[in-house]
Amino acid sequence: MVKAVAVRGDSKISGTVTFEQADANAPTTVSWNITGHDANAERAFHVHQFGDNTNGCTSAGPHFNPFGKEHGAPEDENRHVGDLGNFKTDAEGNAVGSKQDKLIKLIGAESVLGRTLVIHAGTDDLGRSEHPESKKTGNAGARPACGVIGIAA
């Protein structure tokens with residue numbers, strides 16, 4: 001069992017996103033507990049290429065995409081590895097949840113360890129709109145919070 005965690009960046013949004021994978025062939029469970037976001041909203045989160053936050057969340061680079069795919073929904077065959085989709089917030093702007101993901105890995109060559117988890121200001125359109133950013137970023141907006149994914153105790 002490998003466990004990893006990413007914590008907030010520099011904004012009012014805080015919380016943790018944890019990753020757990022039993023073995024190299026198992027799906028990864030992604031769990032989140034996020035506070036301080038917009039109330040009653042769907043907000044995007046993705047794993048980005050670099051574990052570099054020297055210039056805030058901007059230096060995390062594009063979505064983690066080792067297979068050269070277009071942006072998509074977590075359940076799509078054609079998607080970036082880092083495409084986690086959206087989470088829903090409650091009336092206070094908090095979100096708690098989990099999902100399993102077959103492409104997110106903590107073990108192997110395409111591991112997300114050392115990369116950055118970014119929480120976006122907008123909703124991921126899942127690559128389904130006509131917006132020029134849709135097939136690249138999901139048109140998910142700014143990056144108000146992020147954290148490097150590191151090995152958890």
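A Cβ is built for glycine as well, from the same backbone N, Cα and C atoms used for every other residue.
Taken straight from Swiss-Prot:
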- His46, His48, His63, His120: Cu cation binding site (BINDING)
- His63, His71, His80, Asp83: Zn(2+) binding site (BINDING)
- Arg143: substrate binding site (BINDING)
- 68-80: compositional bias 'Basic and acidic residues' (COMPBIAS)
- 124-136: compositional bias 'Basic and acidic residues' (COMPBIAS)
- Cys57-Cys146: disulfide bond (DISULFID)
- 61-80: region 'Disordered' (REGION)
- 124-143: region 'Disordered' (REGION)
Are there any residues in the same chain, six or more apart in sequence, whose C-beta is under 8 angstroms from the C-beta of Asp83 (Zn(2+) binding site), and if so which? His46, His63, His71, Gly72, Ala73, Pro74, Asp76, Asp124, Leu126, Gly138
Length of the line joining the Cα atoms of His80 (Zn(2+) binding site) and His48 (Cu cation binding site), in Å: 10
Residues sitting within 8 A of the centre of the His46, His48, His63, His120 CB atoms (Cu cation site), not counting those, run Ala44, Phe45, Val47, Ala60, Pro62, Phe64, Gly82, Asp83, Leu84, Val118, Thr137, Ala140, Arg143
Nearest recorded site to Cys57 (disulfide bond) by CA-CA distance, among binding-site residues His48, His120, Arg143: Arg143
Taking a Cβ cut-off under 8 Å, which residues six or more beyond the ends of the region 'Disordered' (61-80) line up next to it in the same chain? 46-50, 52, 99, 101, 103, 109-110, 112, 115-116, 126-128, 134-138
Tell me, how many other CB atoms lie within 10 A of the CB of His120 (Cu cation binding site), whichever protein chain they belong to? 23
Secondary structure at His120 (Cu cation binding site) (DSSP, helix/strand/coil)? coil
Measuring Cα to Cα, how far is Cys146 (disulfide bond) from His48 (Cu cation binding site) in Å? 10
Euclidean distance between Cα atoms of Arg143 (substrate binding site) and His120 (Cu cation binding site), Å: 5
